[in-house]
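Here is what TrEMBL records for this protein:
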type     : residues : note
COILED   : 430-457  : coiled coil
COMPBIAS : 548-564  : compositional bias 'Acidic residues'
COMPBIAS : 567-579  : compositional bias 'Basic and acidic residues'
REGION   : 116-159  : region 'Disordered'
REGION   : 541-579  : region 'Disordered'
Amino acid sequence: MASTRISAPVRGVTYQLSRLSIRQDALSSRCNKCLNTPFARSITTSASTRASLAPITTSATSHVDIKPLEEQTVLATIHQFPSLEPLRFETYPANHLYLPTRRDILHRAVVFEGDSTREGTASTKSRHEVRGSARKVRPQKGSGRARLGDKKSPMLRGGGVAFGPRPRDFATDLPKKVYDLAWRTALSYRYRKGELIIVDNAMEIESPSARLLGDIFKYHEKLRGRGRSLLVTLNERPFLEEALLDMDRGGQALTWKEVDVKDLLELSRVIIERDALHNILHSHQEDLTHTSIEPWHKSLIKSSRPAELESLIGWSEFRDLALKEEKDQEAARPGLYESVALKRYEYVASLPDSPHRTAETISAYSLLASARELQFKQTTGLSFSDYSLLISTDPASLDFESVAERFPRVQELGYQRSKKDNLIGDLGEVAGSEKQVEALQSELDALELEKFKIVKQAALFAAQVHEHYAEAHRMAGNEDAADRQIGLASMERENMDVYKQRILEAKHARAVAKVEELERRGKTGDQLEKARKAVTGLERRMARGSEVEEEEYVDETQVPEEVIEPPVKEEVRRAEEKK
(Lines of atoms letter the chains of each structure in order from A and count residues from 1; the text may use other names and numbers.)
(Lines give C-alpha, C1' and ligand atoms only; values in the text may rest on other atoms or scores of the structure.)
Protein backbone atom coordinates (compact mmCIF):
# COMPACT_ATOMS: atom_id res chain seq x y z
CA MET A 1 0.00 0.00 0.00
CA ALA A 2 1.39 3.36 -1.02
CA SER A 3 1.99 5.96 1.62
CA THR A 4 -0.37 8.87 2.04
CA ARG A 5 2.26 11.35 0.96
CA ILE A 6 2.62 9.57 -2.37
CA SER A 7 -1.03 8.70 -3.08
CA ALA A 8 -2.50 12.11 -2.32
CA PRO A 9 -0.88 13.93 -5.28
CA VAL A 10 -1.82 11.06 -7.56
CA ARG A 11 -5.47 11.38 -6.56
CA GLY A 12 -5.25 15.09 -7.15
CA VAL A 13 -3.93 14.64 -10.65
CA THR A 14 -6.53 12.01 -11.45
CA TYR A 15 -9.27 14.33 -10.20
CA GLN A 16 -8.02 17.19 -12.35
CA LEU A 17 -7.85 14.97 -15.41
CA SER A 18 -11.34 13.64 -14.80
CA ARG A 19 -12.71 17.17 -14.99
CA LEU A 20 -11.48 17.49 -18.54
CA SER A 21 -13.53 16.12 -21.43
CA ILE A 22 -11.13 13.20 -22.17
CA ARG A 23 -12.20 9.74 -23.21
CA GLN A 24 -10.98 6.79 -21.17
CA ASP A 25 -8.82 5.54 -24.03
CA ALA A 26 -7.25 8.92 -24.69
CA LEU A 27 -4.42 8.31 -22.25
CA SER A 28 -1.47 6.70 -23.94
CA SER A 29 0.33 3.79 -22.46
CA ARG A 30 3.31 6.05 -21.94
CA CYS A 31 1.24 8.35 -19.76
CA ASN A 32 0.04 5.38 -17.73
CA LYS A 33 3.61 4.31 -17.20
CA CYS A 34 4.42 7.79 -16.02
CA LEU A 35 1.68 7.63 -13.40
CA ASN A 36 2.85 4.22 -12.19
CA THR A 37 6.47 5.25 -11.77
CA PRO A 38 7.75 6.60 -8.45
CA PHE A 39 6.71 10.14 -7.62
CA ALA A 40 10.24 11.47 -7.81
CA ARG A 41 10.04 11.37 -11.57
CA SER A 42 8.65 14.54 -13.13
CA ILE A 43 5.14 14.36 -14.58
CA THR A 44 4.99 15.69 -18.12
CA THR A 45 2.59 15.38 -21.00
CA SER A 46 3.57 14.61 -24.55
CA ALA A 47 2.55 16.49 -27.60
CA SER A 48 0.09 13.77 -28.59
CA THR A 49 -1.57 13.97 -25.20
CA ARG A 50 -1.98 17.73 -25.49
CA ALA A 51 -3.54 17.28 -28.87
CA SER A 52 -6.20 14.94 -27.48
CA LEU A 53 -7.37 17.43 -24.83
CA ALA A 54 -10.63 19.22 -25.58
CA PRO A 55 -10.60 23.00 -25.43
CA ILE A 56 -11.97 24.33 -22.15
CA THR A 57 -12.75 27.87 -23.30
CA THR A 58 -16.17 29.01 -24.47
CA SER A 59 -17.14 31.59 -27.00
CA ALA A 60 -18.08 35.08 -25.88
CA THR A 61 -21.47 34.88 -27.61
CA SER A 62 -22.88 32.46 -24.96
CA HIS A 63 -22.28 34.85 -22.03
CA VAL A 64 -25.46 35.89 -20.20
CA ASP A 65 -25.56 39.09 -18.16
CA ILE A 66 -26.86 38.71 -14.58
CA LYS A 67 -29.11 41.52 -13.40
CA PRO A 68 -28.47 43.00 -9.99
CA LEU A 69 -30.92 41.95 -7.32
CA GLU A 70 -32.49 45.39 -7.12
CA GLU A 71 -33.46 45.13 -10.81
CA GLN A 72 -35.02 41.68 -10.56
CA THR A 73 -38.70 40.99 -9.88
CA VAL A 74 -40.73 38.03 -8.64
CA LEU A 75 -44.34 37.01 -9.21
CA ALA A 76 -46.71 36.54 -6.27
CA THR A 77 -50.18 34.99 -6.46
CA ILE A 78 -53.05 37.12 -5.17
CA HIS A 79 -55.85 35.11 -3.52
CA GLN A 80 -59.43 35.63 -2.39
CA PHE A 81 -60.34 35.31 1.30
CA PRO A 82 -61.64 33.02 2.76
CA SER A 83 -61.61 30.52 -0.11
CA LEU A 84 -57.93 31.26 -0.99
CA GLU A 85 -58.92 31.03 -4.65
CA PRO A 86 -56.13 32.38 -6.92
CA LEU A 87 -57.13 35.58 -8.69
CA ARG A 88 -54.07 36.93 -10.51
CA PHE A 89 -50.32 37.44 -10.39
CA GLU A 90 -48.63 40.56 -9.11
CA THR A 91 -45.02 41.67 -9.50
CA TYR A 92 -42.85 42.56 -6.51
CA PRO A 93 -39.19 43.64 -6.40
CA ALA A 94 -36.78 40.81 -5.63
CA ASN A 95 -35.16 42.81 -2.84
CA HIS A 96 -38.57 42.85 -1.13
CA LEU A 97 -39.68 39.23 -1.35
CA TYR A 98 -36.68 37.25 -2.65
CA LEU A 99 -33.81 38.11 -0.34
CA PRO A 100 -31.49 35.33 0.82
CA THR A 101 -32.19 33.99 4.29
CA ARG A 102 -29.87 35.71 6.77
CA ARG A 103 -30.29 33.94 10.09
CA ASP A 104 -27.98 36.38 11.81
CA ILE A 105 -30.12 39.34 10.76
CA LEU A 106 -33.32 37.61 11.85
CA HIS A 107 -31.76 36.68 15.19
CA ARG A 108 -30.70 40.25 15.87
CA ALA A 109 -34.19 41.53 15.05
CA VAL A 110 -35.95 38.98 17.28
CA VAL A 111 -33.61 39.74 20.19
CA PHE A 112 -34.11 43.46 19.65
CA GLU A 113 -37.91 43.06 19.76
CA GLY A 114 -37.76 40.80 22.80
CA ASP A 115 -35.56 43.25 24.69
CA SER A 116 -37.92 46.10 23.84
CA THR A 117 -40.90 44.26 25.32
CA ARG A 118 -39.22 43.57 28.67
CA GLU A 119 -40.68 45.86 31.31
CA GLY A 120 -37.71 45.86 33.66
CA THR A 121 -39.85 46.79 36.66
CA ALA A 122 -38.48 44.19 39.11
CA SER A 123 -37.31 46.01 42.22
CA THR A 124 -36.07 45.06 45.68
CA LYS A 125 -35.08 47.11 48.73
CA SER A 126 -31.50 47.36 49.84
CA ARG A 127 -30.50 47.59 53.50
CA HIS A 128 -30.67 51.36 53.27
CA GLU A 129 -34.32 51.27 52.13
CA VAL A 130 -35.65 48.71 54.60
CA ARG A 131 -37.36 50.22 57.62
CA GLY A 132 -35.88 49.15 60.97
CA SER A 133 -33.64 49.97 63.90
CA ALA A 134 -30.00 50.87 63.40
CA ARG A 135 -28.96 49.21 66.68
CA LYS A 136 -26.26 46.59 66.37
CA VAL A 137 -27.73 43.10 66.81
CA ARG A 138 -24.89 41.70 69.00
CA PRO A 139 -21.40 42.72 70.01
CA GLN A 140 -18.67 42.64 67.42
CA LYS A 141 -16.55 40.19 69.46
CA GLY A 142 -16.96 37.75 72.27
CA SER A 143 -20.14 35.95 71.21
CA GLY A 144 -18.37 33.30 69.19
CA ARG A 145 -20.72 33.91 66.29
CA ALA A 146 -20.42 35.80 63.03
CA ARG A 147 -20.38 39.54 63.26
CA LEU A 148 -23.60 41.33 62.33
CA GLY A 149 -24.67 44.90 62.00
CA ASP A 150 -28.26 46.09 62.43
CA LYS A 151 -31.45 44.12 61.72
CA LYS A 152 -31.53 45.49 58.16
CA SER A 153 -28.54 43.35 57.24
CA PRO A 154 -29.03 41.17 54.09
CA MET A 155 -27.96 38.15 56.19
CA LEU A 156 -31.07 38.40 58.39
CA ARG A 157 -34.63 37.57 57.52
CA GLY A 158 -36.59 40.75 56.91
CA GLY A 159 -33.47 42.67 56.02
CA GLY A 160 -32.48 44.20 52.74
CA VAL A 161 -31.54 42.32 49.58
CA ALA A 162 -27.92 42.37 48.49
CA PHE A 163 -27.43 43.03 44.78
CA GLY A 164 -31.14 42.54 44.08
CA PRO A 165 -32.88 43.59 40.87
CA ARG A 166 -33.53 47.27 40.30
CA PRO A 167 -35.73 48.97 37.68
CA ARG A 168 -33.80 49.10 34.44
CA ASP A 169 -34.26 49.39 30.72
CA PHE A 170 -33.49 46.17 28.85
CA ALA A 171 -33.89 47.73 25.41
CA THR A 172 -30.99 47.26 23.03
CA ASP A 173 -30.00 49.19 19.95
CA LEU A 174 -30.34 48.00 16.38
CA PRO A 175 -29.74 50.14 13.29
CA LYS A 176 -32.94 50.99 11.46
CA LYS A 177 -31.54 49.72 8.18
CA VAL A 178 -30.68 46.35 9.70
CA TYR A 179 -34.16 46.09 11.19
CA ASP A 180 -35.77 46.94 7.85
CA LEU A 181 -33.64 44.28 6.18
CA ALA A 182 -34.82 41.76 8.79
CA TRP A 183 -38.46 42.54 7.96
CA ARG A 184 -37.98 41.89 4.26
CA THR A 185 -35.83 38.84 4.99
CA ALA A 186 -38.61 37.31 7.10
CA LEU A 187 -41.17 37.96 4.35
CA SER A 188 -38.76 36.54 1.75
CA TYR A 189 -38.26 33.42 3.86
CA ARG A 190 -42.02 32.87 3.95
CA TYR A 191 -42.32 33.59 0.23
CA ARG A 192 -39.56 31.12 -0.73
CA LYS A 193 -41.24 28.35 1.28
CA GLY A 194 -44.67 29.10 -0.19
CA GLU A 195 -46.01 30.14 3.21
CA LEU A 196 -46.84 33.77 2.35
CA ILE A 197 -50.46 33.99 1.18
CA ILE A 198 -51.49 37.42 -0.10
CA VAL A 199 -55.24 38.12 -0.22
CA ASP A 200 -56.86 40.88 -2.21
CA ASN A 201 -59.89 41.63 -0.01
CA ALA A 202 -60.34 42.54 3.64
CA MET A 203 -60.08 39.53 5.96
CA GLU A 204 -63.38 39.87 7.78
CA ILE A 205 -66.12 37.30 8.38
CA GLU A 206 -69.89 37.64 8.20
CA SER A 207 -70.54 37.10 11.91
CA PRO A 208 -68.37 36.61 15.03
CA SER A 209 -68.92 32.86 14.98
CA ALA A 210 -66.17 30.57 16.26
CA ARG A 211 -67.77 27.68 14.39
CA LEU A 212 -67.69 29.57 11.08
CA LEU A 213 -64.05 30.57 11.53
CA GLY A 214 -63.14 27.03 12.60
CA ASP A 215 -64.59 25.67 9.35
CA ILE A 216 -62.56 28.24 7.40
CA PHE A 217 -59.35 27.16 9.13
CA LYS A 218 -60.12 23.49 8.47
CA TYR A 219 -60.52 24.29 4.78
CA HIS A 220 -57.20 26.17 4.80
CA GLU A 221 -55.47 23.18 6.39
CA LYS A 222 -56.94 20.96 3.70
CA LEU A 223 -55.43 23.22 1.03
CA ARG A 224 -52.14 24.17 2.65
CA GLY A 225 -51.44 21.51 5.24
CA ARG A 226 -51.79 21.41 8.99
CA GLY A 227 -50.76 24.36 11.12
CA ARG A 228 -52.00 27.69 12.35
CA SER A 229 -52.04 30.85 10.29
CA LEU A 230 -51.07 34.39 11.27
CA LEU A 231 -53.65 36.84 9.91
CA VAL A 232 -52.19 40.28 9.16
CA THR A 233 -54.82 42.92 8.37
CA LEU A 234 -54.73 46.58 7.43
CA ASN A 235 -57.36 47.70 9.97
CA GLU A 236 -59.05 46.10 12.94
CA ARG A 237 -61.51 43.35 12.02
CA PRO A 238 -63.86 43.13 15.05
CA PHE A 239 -65.80 40.03 14.02
CA LEU A 240 -62.63 38.13 13.14
CA GLU A 241 -60.96 39.07 16.42
CA GLU A 242 -64.04 38.20 18.49
CA ALA A 243 -64.30 34.76 16.86
CA LEU A 244 -60.60 34.14 17.50
CA LEU A 245 -61.04 35.07 21.16
CA ASP A 246 -63.85 32.53 21.43
CA MET A 247 -61.43 29.95 19.98
CA ASP A 248 -58.67 30.91 22.48
CA ARG A 249 -56.50 32.28 19.65
CA GLY A 250 -56.44 35.91 20.65
CA GLY A 251 -53.07 36.91 19.17
CA GLN A 252 -53.54 35.22 15.81
CA ALA A 253 -54.97 38.30 14.04
CA LEU A 254 -52.83 41.46 14.09
CA THR A 255 -52.84 44.72 12.18
CA TRP A 256 -49.78 45.67 10.17
CA LYS A 257 -48.82 48.14 12.91
CA GLU A 258 -48.96 45.47 15.64
CA VAL A 259 -47.09 42.65 13.90
CA ASP A 260 -43.32 42.23 14.23
CA VAL A 261 -40.56 40.02 12.82
CA LYS A 262 -41.01 37.34 15.47
CA ASP A 263 -44.72 37.05 14.63
CA LEU A 264 -43.89 36.51 10.95
CA LEU A 265 -41.63 33.57 11.84
CA GLU A 266 -43.72 31.90 14.55
CA LEU A 267 -46.74 30.15 13.00
CA SER A 268 -47.00 27.77 10.07
CA ARG A 269 -48.06 30.34 7.47
CA VAL A 270 -48.81 34.03 7.05
CA ILE A 271 -52.05 35.22 5.43
CA ILE A 272 -51.72 38.93 4.78
CA GLU A 273 -53.87 41.53 3.08
CA ARG A 274 -52.30 43.05 0.00
CA ASP A 275 -52.71 46.59 1.35
CA ALA A 276 -51.12 45.57 4.66
CA LEU A 277 -48.15 44.06 2.78
CA HIS A 278 -47.85 47.28 0.79
CA ASN A 279 -47.61 49.34 3.98
CA ILE A 280 -45.08 46.97 5.58
CA LEU A 281 -42.78 46.98 2.55
CA HIS A 282 -42.95 50.76 2.16
CA SER A 283 -42.32 51.32 5.86
CA HIS A 284 -39.26 49.05 5.98
CA GLN A 285 -37.10 49.96 3.01
CA GLU A 286 -34.93 52.70 4.47
CA ASP A 287 -31.81 50.69 3.64
CA LEU A 288 -32.84 50.90 -0.04
CA THR A 289 -34.30 54.39 -0.37
CA HIS A 290 -32.28 56.05 2.44
CA THR A 291 -35.42 57.94 3.44
CA SER A 292 -37.72 57.21 6.37
CA ILE A 293 -41.51 57.08 6.01
CA GLU A 294 -43.73 58.39 8.78
CA PRO A 295 -47.01 56.61 9.65
CA TRP A 296 -49.01 59.46 8.09
CA HIS A 297 -47.13 59.39 4.78
CA LYS A 298 -49.37 59.68 1.72
CA SER A 299 -47.92 56.53 0.14
CA LEU A 300 -49.41 54.37 2.92
CA ILE A 301 -52.93 52.99 2.60
CA LYS A 302 -55.09 54.18 5.47
CA SER A 303 -58.15 51.90 5.32
CA SER A 304 -59.60 48.96 3.45
CA ARG A 305 -63.30 48.23 3.85
CA PRO A 306 -64.90 44.80 3.30
CA ALA A 307 -67.12 45.86 0.41
CA GLU A 308 -68.68 42.44 -0.11
CA LEU A 309 -69.82 42.18 3.51
CA GLU A 310 -71.00 45.78 3.68
CA SER A 311 -73.52 44.99 0.95
CA LEU A 312 -75.27 42.62 3.38
CA ILE A 313 -78.22 44.26 5.15
CA GLY A 314 -77.33 45.05 8.74
CA TRP A 315 -73.68 43.99 8.60
CA SER A 316 -72.32 47.53 8.94
CA GLU A 317 -74.60 48.20 11.92
CA PHE A 318 -73.47 45.05 13.70
CA ARG A 319 -69.82 45.91 13.07
CA ASP A 320 -70.29 49.39 14.53
CA LEU A 321 -72.00 47.79 17.52
CA ALA A 322 -69.05 45.46 18.05
CA LEU A 323 -66.67 48.45 18.08
CA LYS A 324 -68.56 50.17 20.92
CA GLU A 325 -67.76 49.83 24.59
CA GLU A 326 -69.30 46.84 26.30
CA LYS A 327 -71.48 48.98 28.57
CA ASP A 328 -72.85 50.88 25.54
CA GLN A 329 -73.53 47.72 23.54
CA GLU A 330 -76.29 46.46 25.82
CA ALA A 331 -78.19 49.74 25.60
CA ALA A 332 -77.87 50.05 21.81
CA ARG A 333 -78.47 46.41 20.88
CA PRO A 334 -82.34 46.25 21.01
CA GLY A 335 -82.84 49.35 18.88
CA LEU A 336 -80.24 48.19 16.38
CA TYR A 337 -81.89 44.77 16.07
CA GLU A 338 -85.24 46.41 15.36
CA SER A 339 -83.89 48.78 12.71
CA VAL A 340 -82.04 45.98 10.92
CA ALA A 341 -85.15 43.78 11.02
CA LEU A 342 -87.25 46.52 9.40
CA LYS A 343 -84.59 47.03 6.71
CA ARG A 344 -84.73 43.34 5.93
CA TYR A 345 -88.52 43.50 5.66
CA GLU A 346 -88.23 46.33 3.16
CA TYR A 347 -85.66 44.34 1.20
CA VAL A 348 -87.85 41.21 1.26
CA ALA A 349 -90.80 43.15 -0.18
CA SER A 350 -88.83 43.74 -3.39
CA LEU A 351 -87.92 40.07 -3.87
CA PRO A 352 -89.92 37.50 -5.83
CA ASP A 353 -91.14 34.34 -4.15
CA SER A 354 -88.04 32.21 -3.64
CA PRO A 355 -86.16 30.30 -0.94
CA HIS A 356 -83.95 33.37 -0.48
CA ARG A 357 -86.98 35.53 0.32
CA THR A 358 -88.23 32.96 2.82
CA ALA A 359 -84.84 32.76 4.53
CA GLU A 360 -84.57 36.56 4.76
CA THR A 361 -88.08 36.83 6.20
CA ILE A 362 -87.36 34.18 8.83
CA SER A 363 -84.17 36.03 9.70
CA ALA A 364 -86.10 39.28 10.14
CA TYR A 365 -88.70 37.66 12.42
CA SER A 366 -86.00 36.00 14.52
CA LEU A 367 -84.06 39.25 14.80
CA LEU A 368 -87.15 41.16 15.91
CA ALA A 369 -87.91 38.46 18.48
CA SER A 370 -84.35 38.80 19.80
CA ALA A 371 -84.88 42.56 20.12
CA ARG A 372 -88.01 41.96 22.21
CA GLU A 373 -86.10 39.50 24.41
CA LEU A 374 -83.47 42.14 25.10
CA GLN A 375 -86.16 44.73 25.87
CA PHE A 376 -87.78 42.22 28.24
CA LYS A 377 -84.49 41.92 30.10
CA GLN A 378 -84.00 45.69 30.26
CA THR A 379 -87.52 46.12 31.65
CA THR A 380 -87.56 43.33 34.23
CA GLY A 381 -83.87 42.65 34.92
CA LEU A 382 -84.46 38.96 34.10
CA SER A 383 -83.37 37.33 30.84
CA PHE A 384 -86.14 35.91 28.70
CA SER A 385 -84.58 32.44 28.73
CA ASP A 386 -84.65 32.41 32.55
CA TYR A 387 -88.24 33.63 32.47
CA SER A 388 -89.25 30.82 30.09
CA LEU A 389 -87.53 28.29 32.32
CA LEU A 390 -89.29 29.75 35.35
CA ILE A 391 -92.67 29.49 33.66
CA SER A 392 -92.12 25.89 32.60
CA THR A 393 -90.67 24.55 35.89
CA ASP A 394 -92.24 26.64 38.65
CA PRO A 395 -95.24 24.92 40.32
CA ALA A 396 -96.87 28.32 40.74
CA SER A 397 -96.41 29.17 37.08
CA LEU A 398 -100.18 29.33 36.56
CA ASP A 399 -100.20 32.44 38.75
CA PHE A 400 -98.49 35.10 36.64
CA GLU A 401 -98.40 37.54 39.55
CA SER A 402 -96.24 35.21 41.66
CA VAL A 403 -93.85 34.81 38.74
CA ALA A 404 -93.72 38.58 38.26
CA GLU A 405 -92.71 39.00 41.89
CA ARG A 406 -89.40 37.34 40.99
CA PHE A 407 -88.44 40.03 38.52
CA PRO A 408 -85.38 41.91 39.90
CA ARG A 409 -86.93 45.28 39.06
CA VAL A 410 -90.17 44.34 40.85
CA GLN A 411 -88.18 43.12 43.85
CA GLU A 412 -86.40 46.48 44.04
CA LEU A 413 -89.74 48.28 44.06
CA GLY A 414 -91.00 45.85 46.70
CA TYR A 415 -88.05 46.70 48.93
CA GLN A 416 -88.78 50.43 48.59
CA ARG A 417 -92.48 49.86 49.31
CA SER A 418 -91.69 47.87 52.46
CA LYS A 419 -89.45 50.67 53.74
CA LYS A 420 -92.17 53.27 53.16
CA ASP A 421 -94.76 51.00 54.82
CA ASN A 422 -92.59 50.77 57.92
CA LEU A 423 -92.07 54.52 57.89
CA ILE A 424 -95.82 55.14 57.64
CA GLY A 425 -96.38 52.81 60.59
CA ASP A 426 -93.83 54.68 62.68
CA LEU A 427 -95.28 58.09 61.79
CA GLY A 428 -98.81 56.95 62.57
CA GLU A 429 -97.93 56.97 66.25
CA VAL A 430 -96.61 60.55 66.08
CA ALA A 431 -99.09 63.37 66.51
CA GLY A 432 -99.23 65.99 63.78
CA SER A 433 -97.65 63.84 61.08
CA GLU A 434 -100.73 63.48 58.89
CA LYS A 435 -99.23 65.43 55.97
CA GLN A 436 -96.09 63.33 55.98
CA VAL A 437 -98.17 60.16 56.04
CA GLU A 438 -100.24 61.40 53.09
CA ALA A 439 -97.08 62.20 51.12
CA LEU A 440 -95.61 58.77 51.86
CA GLN A 441 -98.89 57.11 50.91
CA SER A 442 -98.83 58.96 47.59
CA GLU A 443 -95.29 57.73 46.96
CA LEU A 444 -96.40 54.22 47.90
CA ASP A 445 -99.22 54.37 45.36
CA ALA A 446 -96.77 55.61 42.72
CA LEU A 447 -94.49 52.63 43.38
CA GLU A 448 -97.45 50.27 43.08
CA LEU A 449 -98.38 51.85 39.76
CA GLU A 450 -94.78 51.55 38.54
CA LYS A 451 -94.82 47.86 39.41
CA PHE A 452 -98.00 47.31 37.38
CA LYS A 453 -96.43 49.10 34.41
CA ILE A 454 -93.32 46.93 34.54
CA VAL A 455 -95.32 43.70 34.69
CA LYS A 456 -97.66 44.82 31.90
CA GLN A 457 -94.65 45.81 29.80
CA ALA A 458 -93.04 42.43 30.41
CA ALA A 459 -96.22 40.62 29.35
CA LEU A 460 -96.36 42.68 26.16
CA PHE A 461 -92.74 41.92 25.26
CA ALA A 462 -93.19 38.22 26.03
CA ALA A 463 -96.29 38.07 23.82
CA GLN A 464 -94.46 39.74 20.94
CA VAL A 465 -91.53 37.34 21.30
CA HIS A 466 -93.84 34.34 20.98
CA GLU A 467 -95.73 35.92 18.06
CA HIS A 468 -92.59 36.64 16.07
CA TYR A 469 -91.21 33.17 16.70
CA ALA A 470 -94.58 31.71 15.65
CA GLU A 471 -94.35 33.47 12.29
CA ALA A 472 -90.77 32.28 11.83
CA HIS A 473 -91.76 28.67 12.58
CA ARG A 474 -94.76 28.89 10.26
CA MET A 475 -92.67 30.17 7.36
CA ALA A 476 -90.18 27.37 8.03
CA GLY A 477 -93.04 24.85 7.78
CA ASN A 478 -93.10 23.88 11.47
CA GLU A 479 -96.82 24.25 12.26
CA ASP A 480 -96.70 22.47 15.63
CA ALA A 481 -94.05 24.81 17.00
CA ALA A 482 -95.97 27.79 15.62
CA ASP A 483 -99.18 26.69 17.37
CA ARG A 484 -97.31 26.30 20.67
CA GLN A 485 -95.89 29.80 20.35
CA ILE A 486 -99.33 31.21 19.53
CA GLY A 487 -100.75 29.57 22.65
CA LEU A 488 -98.04 31.14 24.80
CA ALA A 489 -98.63 34.51 23.14
CA SER A 490 -102.36 34.27 23.91
CA MET A 491 -101.59 33.60 27.58
CA GLU A 492 -99.25 36.60 27.75
CA ARG A 493 -101.85 38.82 26.08
CA GLU A 494 -104.37 37.84 28.75
CA ASN A 495 -101.85 38.72 31.47
CA MET A 496 -101.23 42.05 29.77
CA ASP A 497 -104.98 42.83 29.71
CA VAL A 498 -105.22 42.06 33.43
CA TYR A 499 -102.46 44.50 34.26
CA LYS A 500 -103.86 47.12 31.91
CA GLN A 501 -106.99 47.06 34.02
CA ARG A 502 -104.95 47.25 37.23
CA ILE A 503 -103.08 50.26 35.90
CA LEU A 504 -106.38 52.00 35.16
CA GLU A 505 -107.65 51.18 38.64
CA ALA A 506 -104.48 52.50 40.26
CA LYS A 507 -104.65 55.71 38.22
CA HIS A 508 -108.33 56.11 39.08
CA ALA A 509 -107.57 55.74 42.78
CA ARG A 510 -104.85 58.38 42.57
CA ALA A 511 -107.13 60.74 40.62
CA VAL A 512 -109.92 60.35 43.18
CA ALA A 513 -107.44 61.01 46.00
CA LYS A 514 -106.30 64.16 44.23
CA VAL A 515 -109.89 65.43 43.87
CA GLU A 516 -110.54 64.79 47.56
CA GLU A 517 -107.38 66.63 48.52
CA LEU A 518 -108.34 69.65 46.38
CA GLU A 519 -111.82 69.72 47.87
CA ARG A 520 -110.41 69.48 51.38
CA ARG A 521 -108.14 72.44 50.70
CA GLY A 522 -111.07 74.39 49.32
CA LYS A 523 -109.64 74.66 45.82
CA THR A 524 -112.00 75.64 43.03
CA GLY A 525 -111.75 76.57 39.40
CA ASP A 526 -109.92 74.94 36.51
CA GLN A 527 -107.62 72.79 38.64
CA LEU A 528 -110.49 71.00 40.36
CA GLU A 529 -112.43 70.73 37.12
CA LYS A 530 -109.50 69.05 35.35
CA ALA A 531 -109.08 66.58 38.21
CA ARG A 532 -112.78 65.66 38.04
CA LYS A 533 -112.63 65.22 34.26
CA ALA A 534 -109.63 62.91 34.68
CA VAL A 535 -111.64 60.77 37.12
CA THR A 536 -114.58 60.63 34.72
CA GLY A 537 -112.38 59.66 31.78
CA LEU A 538 -110.70 56.88 33.73
CA GLU A 539 -114.07 55.53 34.84
CA ARG A 540 -115.25 55.39 31.22
CA ARG A 541 -112.10 53.59 30.13
CA MET A 542 -112.39 51.12 32.97
CA ALA A 543 -115.98 50.47 31.97
CA ARG A 544 -115.20 49.63 28.36
CA GLY A 545 -111.79 48.02 29.05
CA SER A 546 -109.89 50.33 26.71
CA GLU A 547 -106.17 50.38 26.21
CA VAL A 548 -103.71 52.25 28.36
CA GLU A 549 -103.25 55.89 27.41
CA GLU A 550 -100.73 56.88 24.78
CA GLU A 551 -97.91 57.91 27.07
CA GLU A 552 -97.50 54.25 27.98
CA TYR A 553 -95.23 52.09 25.87
CA VAL A 554 -96.11 52.27 22.19
CA ASP A 555 -94.36 49.75 19.96
CA GLU A 556 -93.33 52.19 17.24
CA THR A 557 -91.10 49.64 15.53
CA GLN A 558 -93.83 47.08 14.88
CA VAL A 559 -93.68 45.29 11.59
CA PRO A 560 -95.95 46.90 8.98
CA GLU A 561 -99.62 45.95 9.32
CA GLU A 562 -99.78 44.02 6.08
CA VAL A 563 -96.70 41.95 7.00
CA ILE A 564 -97.25 40.54 10.46
CA GLU A 565 -100.10 41.92 12.55
CA PRO A 566 -103.20 40.47 10.80
CA PRO A 567 -102.04 36.82 10.80
CA VAL A 568 -100.81 37.06 14.39
CA LYS A 569 -104.05 38.60 15.65
CA GLU A 570 -106.05 35.98 13.77
CA GLU A 571 -104.05 33.16 15.36
CA VAL A 572 -104.52 34.67 18.81
CA ARG A 573 -108.27 34.90 18.20
CA ARG A 574 -108.39 31.25 17.13
CA ALA A 575 -106.48 30.14 20.22
CA GLU A 576 -108.87 32.09 22.45
CA GLU A 577 -111.88 30.51 20.73
CA LYS A 578 -110.40 27.03 21.25
CA LYS A 579 -109.95 27.75 24.94
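Positions of Cβ are set from backbone N, Cα and C atoms, glycine also.
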Residues of the same chain, at least six outside the coiled coil (430-457), with any C-beta under 8 angstroms of its C-beta? 379-380, 400-401, 404, 407, 409-410, 413-414, 416-417, 420-421, 423-424, 495-496, 499-500, 502-503, 506-507, 509-510, 513, 517, 548, 552-553
For the region 'Disordered' (116-159), how many residues does DSSP put in helix, in strand and in coil? 2 helix, 0 strand, 42 coil
Across the whole of the coiled coil (430-457), what does the mean pLDDT come to? Round it, please. 83
